[in-house]
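Participant: Right, I'll just put the structure down here and ask away after.
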Amino acid sequence: MRSAKDFFRPLAVGAPTPPTEIPARPSRAIHFFDPSNPKMAAKVPDMVGSVDVLLGNLEDAVKADNKVAAREGLVEIGQNTEGLGGPEAQTQLWTRINALDSPWALDDLTTLIPAIGHTLDVVMVPKVQGAEDIHYVDRLLAQLEAKAGLDRPILVHAILETARGVANIEEICGASPRMQGLSLGPADLAADRRMKTTRVGGGHPGYLVRQDPASSSEADINASRSVFQQDLWHYTIARMVDACAMHGIYPYYGPFGDIADVVACEDQFRNAFLLGCVGTWSLHPKQIAIAKKVFSPSVEDVAHARRVVAAMSALGGDGTGAVMLDGKMEDDASLKQCLVMVELAERLAATDPELAELYAAAEEG
Ligand SMILES: CC(C)(COP(=O)(O)OP(=O)(O)OC[C@H]1O[C@@H](n2cnc3c(N)ncnc32)[C@H](O)[C@@H]1OP(=O)(O)O)[C@@H](O)C(=O)NCCC(=O)NCCSC(=O)C[C@](C)(O)C(=O)O
Ligand SMILES: [Mg+2]
């Protein structure tokens, strides 16, 4: 066990000091691309500035034969793309490295950190099983940062893709001050859990509850009844949200593999947003707009939140007391909920001029 006093000391001589807080940078869409795919790579420069995170994927979905090309392609992009990555950039640069037990993970880190460590913001680690995986990456990153002379620690993001990872969720989140957040890996997780879905994220029509029959007669039991589809991922996302909030880091949904079904994609993303996630993944350019829309509070919600803040301020501004607004009671707790909304809106508007205009218009109106 490490002493609390050691927790914020670098794990290698000359490595940057670990962070005491993880900045709440906009990350509504983490857009995945395969750096070994020339068509995808060619689109990256034009996406800078219009998506919060561009992630060079090196793991699953990249063919084994292309692993080296993907790594090298990402180096090329990280070194030569104007405005991408680094603490001041509007569009962060992330990577998903290969799994720690694969033949590629070590070379991924030892290649990327010296070459693009100054622009790489977050390393996403797949199939994290427990704190030991984060400790390994933590020490290795510190050694590589020291060697490369970096002055800013690279953050770590874990994907939950195994039952063991979910069972160890709190220790994973607390394993290093570098921990930035968690994403759901629904396909690997479903396989590991022996769930019986073959989809990459999203709902399932068989996971439902059915309205009671009008009577126990055979005719009524077989009659048409309303069914309500349930969310297969509710339990896992809820655990992620609590573990992340407890550790001051950020939960994300993950992939929605039915690229054509933009409507269900939006619904699934919104469930995660409402539960507390700050963003999601985008696998195809058309999912970026969906993620940005869903993970930015609506103009109506922001306007309402501002009214509650104003009403509570008029009451004295210290949060105590209660007011009635549109027939509803508002007090300290609802004020705090509204401040979550207003602060998120302000943070996003600071880097998204379109949103800033919408929120400003709502305030004037
Ligand atoms: C789904 C696919 C095959 C459809 O690819 P497509 O070429 O058939 O689509 P398209 O609609 O025809 O594409 C239109 C244009 O957009 C380009 N394009 C298409 N996608 C992208 C992109 N992402 N970024 C940049 N450009 C993209 C594409 O190259 C094409 O360019 P063109 O007009 O010049 O011909 C393709 O979009 C793709 O490969 N996306 C990334 C998939 C990926 O990263 N998967 C891994 C993450 S999910 C996962 O790993 C699971 C998890 C967490 O591990 C677990 O649950 O366990
Ligand atoms: Mg996976």
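From the backbone N, Cα and C atoms, a Cβ is placed for every residue, glycine too.
For reference, TrEMBL lists these features for the protein:
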- R96, E161: substrate binding site (BINDING)
- E161, D188: Mg(2+) binding site (BINDING)
- 29-199: domain 'HpcH/HpaI aldolase/citrate lyase' (DOMAIN)
- 1-20: region 'Disordered' (REGION)
Participant: Enumerate same-chain residues with a sequence separation of six or more from R96 (substrate binding site) and a Cβ-Cβ distance below 8 A; give 'none' if the list is empty.
Facilitator: F32, L55, G56, N57, L58, E59, M124, V125, P126, I159
Participant: Please list residues from the chain of E161 (substrate binding site) whose Cβ is under 8 angstroms from its Cβ, counting only those at least six apart in sequence.
Facilitator: P126, K127, V128, G185, A187, D188, L189, D192
Participant: Where does R96 (substrate binding site) sit in DSSP terms: helix, strand, or coil?
Facilitator: strand
Participant: Using a 6 Å cut-off on Cβ distance, which of the binding-site residues R96, E161, D188 come close to any atom of ligand 2?
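Facilitator: From R96, E161, D188, counting a Cβ under 6 Å from ligand 2 as near, the near ones are E161, D188.
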Participant: When DSSP states are grouped into helix, strand and coil, how many residues of the region 'Disordered' (1-20) land in each?
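Facilitator: Going through the region 'Disordered' (1-20) residue by residue, I get 3 helix, 0 strand, 17 coil.
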